[in-house]
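Chemist: Structure incoming, see below.
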Amino acid sequence: MSSISLAVRDSHTMLRRNLLHARRYPSLTLNLLFTPIMLLLLFVYVFGEAFSTGLGGGADRSDYIAYVVPGILLMTIGSTVVGTAVSICNDMTEGIIARFRTMSIHRGSVLIGHVVGSVLQSIMSIALVGAIGVAIGFRSTDASPAEWLAAFGLLVLFTTALTWIAVGMGLSSPNAEAAGNSAMPLVLLPMISSAFVPVDAMPGWFQPIAEYQPFSPAIETLRGLLLGTEIGNNGWITLAWVIALSALGYRWSKSLFNRDPK
Amino acid sequence: MTTTPPTEHAIAAAGLHKAYGDKKVLDGIDITVPTGTIFSLLGPNGAGKTTAVKILSTLISADAGSGTIRIGGHDIATHPQAVRAAIGVTGQFSAVDGLITGEENMLLMADLHHLSKAEGKRTAAELLERFDLTDAATKPAQTYSGGMKRRLDIAMTLVGNPGIIFLDEPTTGLDPRARHNMWGIIRELVSDGTTVFLTTQYLEEADELADRIAVLNDGKIAAEGTADELKRLIPGGHVRLRFTDPVAYQSATSTVREATRDDDSLTLQIPSDGSQRELRSILDWLDSAGIEADELTVHTPDLDDVFFALTGSTDVPNQRQENVR
């Protein structure tokens with residue numbers, strides 16, 4: 001068997017194992033969904049009236065829904081990958097991983113199975129949170145099929161990048177609590193992005209941080225694709241982030257996994 | 001599915017070194033295991049047994065300066081995947097996926113060995129049946145008892161028909177019945193021509209199963225040979241007299257001068273080969289000297305003695321008592 005088809009076959013086997021885990025024990029994924037959904041409802045129904053004035057031009061709550069939903073969708077990714085960090089850290093403590101390491105299988109398949117499984121779970125989470133967004137009144141204004149496709153592609157790529165980072169965090173953490181903590185920035189970063197208020201409304205010294213951290217360009221790109229706002233060079237910045245984070249996370253995870261286990 | 005090329009030695013390792021920081025875990029050990037035999041690495045906790053298994057099974061690498069390690073004829077440093085294809089490993093801590101069922105664990109192994117769906121199902125069903133797990137096959141593995149987990153663990157190891165199997169303390173934590181079951185399973189493995197590398201801290205287990213035994217202590221092989229060869233390394237057995245009355249014990253110690261004393265437990269050990277004639281003469285002599293012990297046991301040399309003699313340990317673990325006959 002060639003090494004490519006070996007990699008595909010073994011990764012597929014590992015993916016099925018991870019999906020089986022997720023199906024049997026869905027509580028972790030569902031718990032993580034709680035944060036973005038609560039924030040969505042909180043910001044729309046409690047702060048929405050006040051925050052919408054920040055958007056300018058006599059915006060009201062329905063405008064704020066349109067503004068906040070793309071941010072919440074990307075935040076959902078950040079929350080879901082915390083689960084990835086925790087579950088991969090837990091998995092590494094299992095004896096079965098030692099068994100995999102002594103088997104003549106494609107070595108990367110263990111991680112690839114986790115990453116693909118996690119991306120699929122994130123997509124489902126995004127769909128669920130997106131459905132809630134639609135239920136409370138979010139509508140895309142004029143997105144063409146190509147723009148929908150691009151939006152989907154953006155979400156998948158962004159998820160993949162954050163997932164590889166989360167895998168590295170999970171592998172480098174001694175236990176599940178530490179893994180959860182080290183992945184917390186992925187939940188907190190959207191808070192200091194353009195997800196809830198425009199970057200212009202932030203203090204001047206903070207604006208560059210908020211503007212160029214990974215979440216803001218991705219959120220602005222998604223808004224542009226779904227709502228027809230100005231994307232500018234946010235698309236390229238997002239792409240650069242996605243490539244950089246994926247490559248970094250992949251290499252980091254790989255070297256951590258290839259270390260001698262304790 | 002995987003076959004080991006015909007070689008004289010299934011395992012041949014020279015000068016294994018492994019240190020974690022300042023602590024030398026393995027300090028230059030040589031291991032040779034002829035194909036189709038059971039080899040037992042015997043040693044107390046912390047002797048380095050698990051480290052040796054981890055190195056030989058490709059899980060961790062030996063330190064620089066170690067000699068060549070060949071498993072199934074393949075050099076572990078240059079062809080780790082060929083080694084992995086030839087071996088099966090059951091670690092000390094169960095290597096089963098607790099979140100999925102026993103059957104799913106078996107099918108996972110079948111998939112990773114690239115068996116066809118039908119073949120995988122058949123192999124899984126056969127092995128589950130052979131290890132008496134058919135009834136529990138649809139329950140999550142984390143609900144299994146310790147003995148069932150070990151059986152599932154070994155069943156998973158056997159899916160690819162490995163020619164060389166590493167069993168790291170396969171009976172630690174099992175009750176006596178489960179331990180005897182496991183022994184039966186291990187004996188069955190070798191009858192098929194499989195080579196077994198077994199680590200254990202139970203001397204009795206090495207004695208029961210192994211063709212050759214190496215005693216590992218403090219990262220070094222203290223002795224190696226068959227169980228009988230090892231037993232010959234130490235002086236013969238003894239008769240043990242135990243007293244409950246300190247006064248009787250004191251008077252006995254003053255009479256029986258060649259005995260080894262243990263004042264804490266009020267016991268005396270008199271050297272003896274355990275033959276009927278010598279036993280009778282000891283009894284006659286005790287009678288004539290008016291010594292009456294509350295308990296008399298005859299102790300023939302066993303691997304415990306070898307072990308304690310070689311490792312210089314003075315601790316007497318519980319299991320020593322079991323072997324006193």
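Each Cβ is built from the backbone N, Cα and C atoms, and glycine gets one as well.
What TrEMBL records for A:25-47, A:67-89, A:110-136, A:148-171, A:183-206, A:235-253 is transmembrane segment. The annotation domain 'ABC transmembrane type-2' is assigned in TrEMBL to A:27-260.
Could you place these features in context, so I can see how deep they sit and what lies close by?
Modeler: Sequence-distant contacts of the transmembrane segment (A:67-89), counting only residues of its own chain at least 6 positions beyond either end whose CB sits under 8 Å from a CB of the stretch, comprise 18, 21, 28-29, 32-33, 35-36, 39-40, 43-44, 48, 52, 55, 59, 111, 114-115, 118, 121-122, 125-126, 129-130, 133, 138, 155, 158-159, 162-163, 165-167, 169-171, 173, 175-176, 178-180, 182-184, 186-187, 189-190, 193-196, 215, 218-219, 222-223, 226-227.
Sequence-distant contacts of the transmembrane segment (A:235-253), counting only residues of its own chain at least 6 positions beyond either end whose CB sits under 8 Å from a CB of the stretch, comprise 111, 154, 157-158, 160-168, 171-172, 212, 214, 217-218, 221, 224.
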Chemist: By Cβ distance under 8 Å, which residues at least 6 away from the ends of the transmembrane segment (A:25-47) in the same chain are close to it?
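Modeler: Cβ under 8 Å, 6 or more out: 61, 64-65, 68-69, 72, 75-76, 79-80, 82-83, 86-87, 121, 125, 128-129, 132-133, 136, 187, 196.
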Chemist: How about long-range neighbours of the transmembrane segment (A:110-136): same chain, 6 or more residues beyond its ends, C-beta under 8 Å?
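Modeler: 7, 11-19, 22, 29, 32-33, 36-37, 40-41, 44, 65, 69, 72-73, 76-77, 79-81, 83-84, 87-88, 91, 97, 100, 155-156, 159-160, 163-164, 166-167, 253-254, 257.
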